[in-house]
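Annotated in TrEMBL:
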REGION    1-40  region 'Disordered'
COMPBIAS  1-20  compositional bias 'Polar residues'
DOMAIN    163-538  domain 'Myotubularin phosphatase'
BINDING   N313, I314, C375, S376, D377, G378, W379, D380, R381  substrate binding site
DOMAIN    344-406  domain 'Tyrosine specific protein phosphatases'
ACT_SITE  C375  active site, phosphocysteine intermediate
REGION    581-603  region 'Disordered'
COMPBIAS  581-597  compositional bias 'Low complexity'
Amino acid sequence: MASSSAPKYNSNSLENSSSKRTLKDGTNWEQNEEIPRLPGETRVTDKDVIYMCPFNGPVKGRVYITNYRLYLRSVENDPVVILNVPLGVISRIEKMGGASSRGENSYGLDITCKDMRNLRFALKQEGHSRRDIFEVLTKYAFPQSHNLLFFAFVNEEKFSENGWMVYNPMSEYRRQGLPNDRWRVTFINEHYGLCDTYPSLLVVPYNATDDDLKKVAAFRSRNRIPVLSWIHPETQAVIMRCSQPLVGMSGKRNKDDERYLDIIREANGQISKLTIYDARPNVNAVANKATGGGYEGEDAYPNAELFFLDIHNIHVMRESLKKLKDIVYPNVEESHWLSSLESTHWLEHIKLVLTGAIQVADKVSSGRSSVLVHCSDGWDRTAQLTSLAMLMLDSYYRTIEGFEVLVQKEWISFGHKFASRIGHGDKNHADADRSPIFLQFIDCVWQMSKQFPTAFEFNEQFLITILDHLYSCRFGTFLYNSEFLREKEKVTEKTLSLWSLINSEKSKYTNPFYSKELNRALYPVASMRHLELWVNYYIRWNPRIRQQQPNPVEQRYMELLALRDDYIRRLEELQITNNSKISNSSASSTSPSQMVSQVQTHF
């Protein structure tokens with residue numbers, strides 16, 4: 001495990017291999033062209049440069065810049081060194097050295113990327129070679145700062161699948177058995193008048209009127225009222241999400257909000273208290289009172305119990321990732337690996353997010369209690385907790401299509417601020433709103449997939465592809481901060497969905513050990529001993545780090561797990577469909593449930 005040992009080294013160049021994988025990612029490359037190009041991608045400029053490779057030393061090459069990518073191809077190396085970097089990945093471009101610089105290769109450009117790597121190019125000082133390339137790169141890497149369109153709006157790729165058809169909110173709620181006699185669909189936010197960061201379609205308690213919702217909105221930060229995310233098919237307990245109440249220093253109360261939470265509690269016939277999970281550390285929630293926020297106090301909400309989950313804010317997470325990048329790129333210091341990794345606190349944060357989601361899932365499933373989840377504004381930590389809890393409880397979300405629906409629903413439609421957190425096309429690299437919240441979520445999903453290798457239809461490449469295109473701006477999927485803004489910009493009409501790419505070549509992203517299971521809750525072990533650093537993502541650019549693949553023993557173990565799970569599933573299906581026939585049969589003295597138990601014990 002990466003958390004208990006240093007990453008393994010080898011001499012194969014991951015820089016080359018990862019570039020070649022990218023070229024297969026829907027890119028057309030004519031043999032007579034110097035660079036690969038997507039339909040709609042145009043070449044802007046090219047220059048001779050020296051790539052200051054942190055692993056292999058200076059590499060002479062030619063860099064090509066298009067309206068989508070920076071592409072470097074070496075001219076003297078064998079094998080050829082290739083860099084293939086979508087411009088959306090670039091966070092910062094700095095000039096290196098000045099006119100008086102005399103050191104070898106001391107004059108050029110430093111490029112900081114959002115995907116854990118930095119690039120450095122040395123240029124000749126004659127003419128305006130650096131100025132020209134700096135201006136072109138800045139213009140196309142930061143289109144929003146230069147009144148240009150994202151590449152997604154000029155991308156002319158064609159796919160066999162339309163990814164925008166993956167998520168239909170009404171279809172997803174119907175899959176959950178909604179609406180019913182306790183929960184209704186409301187179109188009060190159809191034109192985003194109630195809350196401009198919420199989706200247009202919401203599910204709320206049947207006994208709450210639209211007038212009630214308006215009154216509750218006035219007491220919730222950003223008008224983000226408690227709405228339903230998921231309902232348990234058996235217990236009818238629900239996962240609700242919202243933002244913090246506007247209590248303030250004076251301890252304001254709102255009878256409508258208090259009554260609304262009671263209606264939620266009563267909706268599944270619950271006698272016990274409604275459980276509220278506040279993602280923040282207690283001290284932060286108290287501090288938020290000074291800015292008008294706060295939490296649900298016992299006096300105002302006697303029928304609710306409140307738990308703080310101690311997950312830190314976006315600024316802490318941003319600094320943690322910076323520290324992680326410092327220890328994994330460009331070099332990994334083996335001798336101090338454990339202490340260096342611990343000092344980043346990255347895995348501690350992953351642990352807290354997973355632990356919080358486990359509590360939410362367990363309360364709904366085992367505790368048969370409805371839960372309300374919020375942080376401050378309800379679009380960062382709240383999304384992490386609700387989506388992970390839903391992934392643990394609902395096997396549909398563990399399929400490729402189901403996971404796409406989960407991301408569209410809990411993250412994209414419910415207003416996670418992708419534009420602000422990622423900084424798409426924005427040159428302001430120091431913006432305090434940037435934070436790796438969605439990356440943390442995907443990391444948590446990867447941790448779960450490691451612990452349950454047969455439970456997920458998708459593989460690691462699926463998760464890495466999502467993260468790569470979180471930054472690339474090749475698709476419209478993650479652009480803008482809300483559904484309201486995406487509709488305003490006509491994103492679904494004018495851009496392609498990332499799911500179009502993935503669903504057009506599903507086999508590439510499918511886990512061969514997947515064993516379909518219904519209604520089995522997955523509770524990962526969220527202790528530091530069982531969490532690993534995701535080497536194949538965070539350290540993939542280092543050619544000395546061996547890409548972690550299952551060894552033959554692990555491979556066989558996963559095959560056996562898949563066989564076992566498939567056998568158990570078939571036996572359970574047999575038990576359900578032929579129960580009466582089997583029970584009356586004298587030929588079999590062992591019931592299917594006993595057979596299942598025997599198989600589980602054997603394995």
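The first residue you see is number 1, and the count goes up from there.
Every residue gets a Cβ built from N, Cα and C, even glycine.
With the fewest other C-beta atoms within 10 Å around its C-beta, D377 stands out among the binding-site residues C375, D377, W379, R381. Spanning the listed substrate site, residues N313, I314, C375, S376, D377, G378, W379, D380, R381 have a farthest Cα to Cα distance of 12 Å.
A mean pLDDT of 97 is what the model gives for the domain 'Myotubularin phosphatase' (163-538). Within 8 A of the CB centroid of the substrate site residues N313, I314, C375, S376, D377, G378, W379, D380, R381, the other residues of that chain are A279, T382, I437.
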